[in-house]
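Trainee: First, the structure itself, so that you have it in front of you.
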Amino acid sequence: MIKITLKDGKVMEIEEGIKISDIAMKISPALYKKALAAKIDGETVDLMTELHKDSSLEILTFEDEMGKWALRHTGAHILAQAVKRLYPEVKLAIGPAIDTGFYYDFEADFTFTPEMLEKIEAEIKKIIKENHKLERFELPREEAINLMKEKNEDYKVELIEDLPEGEVISFYKQGDFTDLCAGPHVPSTGKVKSVKLLSLAGAYWRGDEKNKMLQRIYGTAFTKKSELDEYLNMIEEAKKRDHRKLGKELDLFSIHEEGPGFPFFHPKGMIVRNILESFWREKHTKAGYQEIRTPLILNEALWHQSGHWDHYKENMYFTNIDDGDYAIKPMNCPGGILVYKSSMHSYRDLPLRLSELGIVHRHELSGALHGLMRVRCFTQDDAHLYMTKEQIKEEVIGIIKLIDEFYKLFGFEYFVELSTRPEDSMGSDEDWEIATNGLREALDSIGKEYRVNEGDGAFYGPKIDFHLKDCIGRTWQCGTIQLDFQMPERFDLSYIGADGEKHRPVMVHRTIYGSVERFIGILIEQYAGAFPTWLAPVQVKLMNITDSQYDYLKKVEETLKENNIRVEIDTRNEKIGYKIREAQLQKVPYMLILGDKEVEAGKVAVRSRKDGDLGAISLEEFIEKIKNEIKNKTN
């Protein structure tokens with residue numbers, strides 16, 4: 001008999017060699033029906049996996065991220081099987097699960113069309129109905145290569161040949177279809193209840209522009225049709241809110257072929273950006289942070305010393321200055337460390353909180369670029385805090401509260417994830433344990449719920465990630481708190497303790513917006529371009545009905561500007577209804593309409609983007625109203 005510890009702490013004694021699916025049935029028939037995959041000692045596996053030793057076990061359903069992943073991974077295999085049935089000459093490349101579904105890349109001597117997708121989708125439904133079992137098997141390298149050569153799958157052969165010697169080479173078979181895959185998968189194709197193919201795109205093999213362009217089919221999968229329908233509605237809403245579309249319509253930013261991945265901010269976009277950065281500075285000053293600025297370009301040796309060279313070299317840009325090798329910074333932390341090292345520190349100086357709105361550059365493949373969400377140049381709202389081990393808990397609590405204040409202001413719900421030590425980490429077991437426990441204790445002490453994401457920490461320390469949930473249910477990872485014992489060691493950082501001796505400080509890396517550019521993109525989509533008044537590039541659109549109100553309009557404009565209200569005027573010889581519609585399309589919070597009646601009464605007719613016609617009021621009354629709205633940062 002072996003002992004199995006369940007997620008709730010309950011221990012089961014069961015016979016050795018039992019399959020996880022059978023354990024799920026023993027726990028509950030309802031759980032067995034919903035089960036998609038499992039975690040054994042933190043590793044995600046198939047339900048058909050047999051257990052031969054004492055283990056911790058978590059049964060995964062569609063409510064769990066890795067349960068979704070397993071189902072959608074199987075969805076990708078079903079897509080590939082359907083394509084091969086209909087178009088046998090097509091060659092298979094790769095087909096992973098992704099956050100919102102799955103995709104599969106194909107090489108074909110024809111172009112897939114929307115009509116073909118309908119045909120493929122019909123075949124997918126047949127495969128689901130056939131309910132084929134997914135059977136995993138392993139082969140030695142030569143046999144695996146020969147199997148894929150027999151099937152004329154050149155890309156699979158290349159993948160196998162690139163695997164390290166001794167690597168397990170596994171396949172999954174479902175009916176008449178076999179694919180190279182590490183898994184895990186759901187037990188049968190019938191578990192994938194609802195599938196929808198979403199779009200077509202081009203994708204270079206292995207993301208390299210020098211390689212062949214393949215055809216990518218995107219899809220998604222759910223366990224219920226109602227969930228799929230809800231997701232498809234969300235996609236339609238997301239299209240309306242697409243920040244790339246709204247960014248152009250509202251004249252906020254642009255991206256040009258002369259600089260792919262390098263956004264250009266227009267005057268209105270700069271207003272939004274400057275407000276966000278000013279607010280950030282104000283809150284950080286109150287929280288005891290001191291702002292610094294570090295150079296864009298630093299000697300290559302610095303990145304070797306920090307360890308970033310080993311982990312980020314492929315995503316860095318380089319240059320040569322005076323025969324020396326330099327790198328454009330992909331992160332702000334090494335520069336911030338040099339600021340710390342520039343003077344001696346006492347324990348009385350700690351905690352020391354240094355903040356920086358630092359521009360960083362990271363190379364992204366052209367196919368991964370996406371508006372402001374995925375760029376090659378962005379501003380990271382970093383802060384690096386230096387402290388004693390005893391100060392970790394209180395400092396982390398302070399950061400969590402600051403992050404919470406920011407996200408609530410913008411109307412975001414969020415969830416928290418604690419990520420633990422990855423395989424390619426630096427540092428001792430003891431340091432990692434102290435660091436992880438420090439983050440865990442801070443979260444526990446303020447009653448903040450969190451998930452544990454095993455093995456997803458930074459290479460230098462564990463981290464807390466903050467995932468925003470927007471108004472249509474999508475999640476965005478923005479804020480992060482990363483505890484770091486390694487950088488202080490690598491850079492020989494120290495402070496003088498109360499005993500007069502040198503001690504090593506603990507370092508915390510943290511962001512709130514994450515990337516300022518990306519956060520702006522998220523806000524554009526969160527508000528569908530209709531920024532709250534305090535954040536709107538234009539707060540008031542002032543418009544006259546005829547030329548006879550022009551002089552009064554200019555006086556009103558001047559008064560609004562004197563009160564620091566952002567105003568634009570529309571004096572074109574157009575009908576007032578046309579002007580109002582255009583201002584509404586520009587998402588302006590307030591329109592002030594001036595006709596002869598308003599001139600005579602010394603008033604303004606107010607129209608709100610949100611509430612419609614508010615009637616005629618005095619200019620003073622309107623100014624008081626809008627200034628209160630701006631001051632209170634009303635959403």
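Using the three backbone atoms N, Cα and C, a Cβ is placed for every residue, glycine included.
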Trainee: For the Zn(2+) site that Swiss-Prot assigns to CYS333, HIS509, which of HIS266, HIS284, HIS384, HIS467 is also named?
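Mentor: For the Zn(2+) site that includes CYS333, HIS509, Swiss-Prot also lists HIS384.
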Trainee: What does DSSP give as the helix, strand and coil breakdown of the domain 'TGS' (1-61)?
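Mentor: Breakdown, helix to coil: 14 helix, 24 strand, 23 coil.
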Trainee: Which state, by DSSP, holds CYS333 (Zn(2+) binding site): helix, strand or coil?
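Mentor: For CYS333 (Zn(2+) binding site) - judged by DSSP and reduced to three states - the answer is helix.
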